[in-house]
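J.: My structure is below; once you've seen it, I'll send some questions.
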């Protein structure tokens, strides 16, 4: 049997209003690409992965962690499938808003509620509550005088502080500002609080998430 190239796997899902840059974040982080004025042609559930190194606080060792990052986009039928299957069992959730779009910030509460109403803990996803991380994208446009819907960044910071949700509000996927930091911070938070079983132990768990996580359970490598 081939040796695994990672010790743990974390599932992370991207959610937020349309046009906030979720798909571009996925491409920037996993592929190092950003297409100026690009058109999102893919409709459905897009999954990319990346292996990073994190510190295991309990053993003080550096471990390799494979991030499986899920992004749902497209029409209503894809969104319903996404909500039904991909908000239920994940290790972490990145909720994005656009700092130039006040409505996308105002909708953060709706996204938080949707996730909390869908999330279920399990052997593979041990956190009793969903682990959330809020991201404000397009900070490169914050000084653009042509944009009249800029979010006062004090408000999202106060909002996140009131809910004890970690966040980064000065992100630019276009300019590659704080992109890596998002995933590094969220992944480390998961590993420090409710880490999943090691990959080598997953197959030893019997009857894991029976009936509720058929899609995610098949992705264990």
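The backbone N, Cα and C atoms fix where each Cβ goes, glycine too.
Since the structure is predicted, the reported quantities are computational estimates derived from the model, not experimental observations.
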J.: Please find, within the list 38-47, 48-57, 58-67, the residue stretch that Swiss-Prot describes as motif 'Effector region'.
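T.: From Swiss-Prot, the annotated motif 'Effector region' range turns out to be 38-47.
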J.: Using DSSP reduced to three states, classify residue 139 (GTP binding site) as helix, strand or coil.
T.: helix
J.: In the structure shown, with every protein chain counted, which of the binding-site residues 22, 72, 139 has the densest set of Cβ atoms within 10 angstroms of its Cβ?
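T.: Answer returned by the neighbour count: 22.
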